[in-house]
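Data first, discussion second: the structure below is written as structure tokens.
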Amino acid sequence: MTTPALLPLSGRRLPPLNLGASAFPHHRATLRLSEKFILLLILSAFITLCFGAFFFLPDSSKHKRFDLGLEDVLIPHVDTSKGGKNLGGFLIHGQGHDEHRHREEEERLRNKIRADHEKALEEAKEKLKKSRDEIQAEIQTEKNKVVQELKKKDSKPLPPVPLPNLIGINSGEPADPDIRERRNKIKEMMKHAWDNYRQYGWGHNELKPIARKGHSTNIFGNSQMGATIVDALDTLYIMGLHDEFREGQEWIDKNLDFSVNSEVSVFEVNIRFIGGLLAAYYLSGQEVFKIKAVQLAGKLLPAFNTPTGIPWAMVNLKSGVGRNWGWASAGSSILAEFGTLHMEFVHLSYLTGDPVYYNKVMHIRKLLQKMDRPNGLYPNYLNPRTGRWGQHHTSVGGLGDSFYEYLLKAWLMSDKTDMEARKMYDDAIEAIEKHLIRKSNGGLTFIGEWKNGHLERKMGHLTCFAGGMFALGADGSRDDKAGHYLQLGAEIAHTCHESYDRTTLKLGPEAFKFDGGVEAVAVRQNEKYYILRPEVIETYWYMWRFTHDPKYRQWGWEAAQAIDKYCRVSGGFSGVKDVYSSSPTYDDVQQSFFLAETLKYLYLLFSNDDLLPLDNWVFNTEAHPLPVLHLANTTLSGNPAYR
Ligand code: DMJ
């Protein structure tokens with residue numbers, strides 16, 4: 001054996017071995033003794049060993065193989081003339097079979113082994129003639145085949161389920177030519193955002209419109225999951241941008257893969273991906289979206305494997321290992337994250353007939369119902385190991401917001417039968433009104449945040465969604481306070497409009513204060529940015545649907561114009577860092593929610609109400625419309641696939 005002498009000593013590499021260009025025409029003239037050559041030596045040594053071993057085996061064992069292989073076998077035969085015993089058409093050969101036949105068989109096998117050996121050597125030599133790139137391409141092709149096979153397995157059709165009543169998927173074209181013109185402008189903005197993402201960021205999660213390349217943040221993990229494509233799909237569909245919709249569908253069908261070693265936010269993936277896919281499915285009827293949504297949901301389920309069943313904030317899609325954000329109080333999960341799964345998970349159970357999703361979110365609800373609530377308020381932090389609250393901070397903005405929204409929407413989505421959710425919403429809103437909502441000296445109604453036993457008189461842009469929520473929840477409110485909640489929604493809309501109107505760019509800051517003579521204005525430099533968020537426009541749209549007061553369309557139009565003037569760049573739309581500066585700098589991010597929410601709400605604001613009527617559709621917190629499920633009750637017993 002020469003191999004050991006050729007192996008490098010002490011980890012040092014051997015000097016290059018010149019094998020000549022003619023021997024390996026695709027290689028450089030000088031070829032080092034590479035792994036390939038060592039592999040070839042090992043391979044040929046192994047084959048030689050097998051070949052030799054066969055002949056050095058004791059005779060008895062060789063014969064044993066033949067006995068088993070030849071003499072005990074049942075061979076179909078009908079001719080009994082050679083003295084064999086006929087057993088119903090099969091012949092068992094007798095013990096005294098002649099030596100001649102043994103020798104012939106041995107010879108045949110020897111030839112076969114020799115031929116196999118030579119063939120293997122030839123193949124190995126052929127492989128070595130190929131360049132590294134060719135070999136890698138072959139390996140990749142093999143890998144792709146395996147992935148395709150796995151995908152086929154994963155894409156099994158789901159049990160058929162009767163679709164809910166899908167009313168109002170129409171053009172919603174307004175008769176008024178001025179309104180139509182405004183609506184067309186919004187559609188043009190969507191085209192600009194999409195086309196640039198298509199050109200410079202395709203397949204990435206988001207777009208950097210100035211650098212003209214892909215962008216991502218840690219909420220999407222380290223994979224290119226095409227967040228903008230998934231988030232934008234239903235907006236494209238609603239706007240009648242069908243070619244773009246089909247492009248997105250094709251990408252999703254061919255490329256959206258969840259078997260990736262990537263740690264993602266459970267909440268963000270749920271609201272943007274699962275919500276986006278489900279809405280695209282209901283609007284277009286294309287099965288691929290449902291299948292992808294269900295595949296992805298399966299990848300999120302391990303996040304619920306905690307001592308309490310309260311899910312981790314993040315989960316690795318491949319390993320299923322979960323953990324919480326390092327910045328969260330005492331290792332806690334976040335109320336707005338684990339409390340914003342209900343709508344999508346109920347739909348998943350409805351569509352699959354599998355109660356697992358429904359049970360997960362109902363478990364969270366039951367646990368929250370049992371807990372003590374300081375002043376009737378839900379703190380933002382809950383430890384998933386101990387089941388105890390972390391810091392007693394309460395917010396209707398970041399960290400708390402969509403938990404309240406989903407209580408109301410769970411009730412709406414159940415065709416107003418889920419009274420447990422409605423009660424939790426009513427109780428929570430009463431506590432919020434009592435402890436967090438105040439009027440400023442200048443008469444502006446605002447929602448503050450409860451921190452360390454006192455009220456912080458600061459409101460976030462995120463909190464502005466609550467105006468729309470109060471209006472949406474007015475009908476069906478306790479003690480028939482519909483008028484009161486509609487009024488509260490209008491007051492919040494007014495305050496948030498003021499936060500826009502008091503800036504140079506007419507775009508709202510991230511957070512604004514009501515303190516020491518300051519009213520609806522950002523004080524700290526790091527709160528003066530606008531990142532294309534939707535919440536204020538979302539509230540204008542709900543208020544428009546419930547009141548038809550033209551001021552909401554006017555306010556929406558002001559915001560659209562400001563976005564087009566100050567956030568539009570040739571490569572898309574960007575956030576701005578200071579809304580009080582007349583020469584703002586860009587943050588160079590086109591957020592996926594700009595296409596999913598901001599532009600969708602603007603488009604709906606200038607459309608007729610019969611496009612996605614609110615009696616039949618409930619928008620998730622990322623503005624993805626899901627149909628009301630007309631179920632007998634919240635246990636989903638109306639679903640035939642469920643029985
Ligand atoms: C969106 O992803 C959702 O609206 C979420 O509920 C809150 N934040 C962003 C938009 O600002």
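Residue 1 is the first one shown; counting continues down the chain.
Cβ atoms are placed via backbone N, Cα and C, with glycine included.
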Among ranges 117-147, 148-178, 365-395, whichever one TrEMBL labels region 'Disordered': 148-178
Name the residue from CYS464, CYS567 that TrEMBL records as disulfide-bonded to CYS496. CYS464
Hey, how far is GLU535 (active site) from GLU268 (active site, proton donor), Cα to Cα, in Å? 16
Using Cα coordinates, what distance in whole Å links ASP401 (active site) and CYS496 (disulfide bond)? 16
Students should find that the Cα atoms of CYS496 (disulfide bond) and THR621 (Ca(2+) binding site) sit apart, in Å rounded to an integer, by 18
Give the subset of the recorded positions GLU268, CYS464, CYS496, GLU510, THR621 lying near ligand 1, defined as CB under 6 A from any of its atoms. THR621
Under 8 Å between C-beta atoms and at least six apart in sequence, can you list the same-chain neighbours of GLU268 (active site, proton donor), or say none if there are none? ILE219, PHE220
In this structure, which of the active-site residues ASP401, GLU510, GLU535 has the fewest other Cβ atoms within 10 Å of its Cβ? GLU510
Expressed in Å to no decimal places, the gap between the Cα atoms of CYS464 (disulfide bond) and GLU510 (active site, proton donor) is 10
Tally every other Cβ atom lying within 10 Å of the Cβ atom of CYS496 (disulfide bond). 29
